[in-house]
Each structure stands twice: as structure tokens, then as C-alpha cells.
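Database features, via Swiss-Prot:
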TRANSMEM  30-50  transmembrane segment
TRANSMEM  55-75  transmembrane segment
TRANSMEM  106-126  transmembrane segment
TRANSMEM  127-147  transmembrane segment
TRANSMEM  152-172  transmembrane segment
TRANSMEM  177-197  transmembrane segment
TRANSMEM  233-253  transmembrane segment
TRANSMEM  281-301  transmembrane segment
Amino acid sequence: MKITRIYVRLMAISLSRKLIDYIKLSKPRVISLLDLAAIAGFVLGLPKAINITSIIVSFLAVIIGGSLASGGGMIINGGLEIEKDKKMKRTSWRPTVKGEVGRKEAYAIGSIFIVVGTLIGFLANPLTALFIALGAFIYVVIYSIWLKPRTWWNIVIGGFAGSAAAWAGFAASSGSFTLLSFLLGFLIFMWTPGHFWSLALRFRDDYKNAEIPMLPVLTDERTSAKAIAISNALMVPFALLIGLYAGLIYLIVSTIVSAFLLYVSVKLYLNPTADEAWESFKLSSPYLAIILLTLIIVKLI
């Protein structure tokens, strides 16, 4: 009995460590922002007359299903990029790099997460499941396998993976895809390049060592900073345009935070250093979070 207890305890420890490794690879912070996008889409799509049970099931389906599929895609990405991650200080801690999660294991677990997440999406409706699967497909196949190793357009086109989260949320509550849901998803698409180019400019040497053709690797710092500023400037009108649907409070908040984001973008352009790029990167996620949270709050009150 004692040996059995020890064995069970060791198995539990081993499984818990594996679970922690999978969570690390799934990038919880990224998933939390995608979930926020899904919630914003869900709230925007809520009909005037709702069935409480149906809405709760649909909400849980898109959040749980979307989180699993997104996490699965990132776990597969970890398996795909072991060699590149070894060359980058920023990613050298990942369980796939340390050998704690093997390549085939990452592919298997990630695929299971995506399939299960998509199936859960069907509890809302088929359109929700479609967008959940689409987000994972864009991230794994279009971005990670096809574009990321080949072109600086990788993160631009790959931004549609984030858009799919918002579209899935809207579909879960409304069962439809409309101009409003498109605009919300397109806002996330437009936000993506400035966010990740700022990160790539901060860790330019890392990306260069890994031979990943991010824009800041292929151009000088000033050109990269200019691209970030232009990208953010092009995004802002879409953030404000949603104000036509969301009302005055949202418009005021989005104007204030957008002005601050543009201020930081101009600062980066005038002084394109790693520190300024890091400030731009660290601001961009809270910017999007504030936009989405404001949208959620004003539509619920």
C-alpha cells in the first residue's frame, strides 16, 4: 500500500508539472487578451431578448473552447520553433527548449486542445466553432508554418488569428457575422503589427540570431519605428469608428487612450531605441484591453 501511495503521489507530481509546462507554452497572457476580445464580441452581439440558459452555455462554450484552441495553437508553435527559440534569450526558458516537452508531444497535445476546443464551440453554434477553428488554423498553418519563416508580412496577415476570437464571441451570442463584428475583429487585426513590431525592435538581435524575418530585422531602427507609428495611426480610426455603435463614453475613453498611444509611437519614431520600443510594446496590450473593457462596460450598463 505504501509503495502504491508513493507511486500515485509521484504520478500526480509528474502530471502537475506537465500541466504547468503546457500552460507555459499556451501563453496565458495572450489567451487572456483573446478571451477579452471574445467577451467584447459576445456582449456586442447580445440580442435584446435573451434566454439566460442559452446565453450562459454559449458564453462558456466560446471562452473555454476558444481558450483551449488558442492554447493548443501556441503549444504546437512551441514544437515548431524549438531550434529558433534556442537562439533567442527571450524564449530560452520554454519547456520545449529545455526538453521538458518534446516536439511530437507538443504537436499531439496542441492538436487535441484545438479539436476539443472546436467541438466545445459547437455548444454555442456552428459559426462559433468555425471561427474558433479558423483562429487556430491561421495561427498554426498560415502564420507559424508558412509566413513567419519567410516574410515580414507574417505578423500582419497573422493578425487575423486574433480577429477570429472577436468574431467567435459575436457569433456565440448572435449566431451571425455582421459589419460590427467585422470592425471589432479588424481593429484587433490593425493593432497586431504595431504591438509585435515593437517587441521585435526591442529584441532585434534575438530575432536576427533566430533568422526570423520580422520587419525590424530587415530594416533599420528608424524605418521600423516609422512603420510602428504608421500602423498605430491607421488602427486608431477603427477604434473610434466603433464609437458609432458604442456611444459617447466609449468614444471619449478610446480617444484619450488612442492619443496616448500615438504620443508613445511618435516618441519611438523620434528616438528609436530598445527602451522606447519596449515602452511601446508594454503600452499596446493595456491599450487594447482598455478599449475592449470599455466596450464591454458601456454595452452592459
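Cβ coordinates come from backbone N, Cα and C, glycine included.
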Leading contact stretch, 30-50, 55-75, 106-126, 177-197 vs the transmembrane segment (281-301) - CB distance under 8 Å: 30-50
The transmembrane segment (30-50) versus listed stretches 106-126, 127-147, 177-197: most Cβ pairs under 8 Å: 177-197
Contact set, same chain, for the transmembrane segment (106-126): CB under 8 Å, 6 or more residues outside the stretch: 22, 25-26, 57-58, 60-62, 64-79, 96, 132-133, 136, 140, 168, 171-172, 175
Within-chain partners of the transmembrane segment (55-75) [C-beta distance under 8 Å, separation at least 6 from its ends]: 22-23, 25-27, 30-31, 34-35, 38-39, 42, 46, 101, 106, 109-114, 116-125, 128-129, 132-133, 135-136, 139-140, 144, 161, 165, 168-169, 171-173
Distant-in-sequence neighbours of the transmembrane segment (177-197), which means Cβ under 8 A and at least six residues beyond its ends: 37, 40-41, 44-45, 127, 155-156, 158-160, 162-167, 170-171, 214-216, 224, 227-228, 231-232, 234-235, 238-239, 241-242, 245, 265, 280-281, 284-285, 287-288, 291, 295
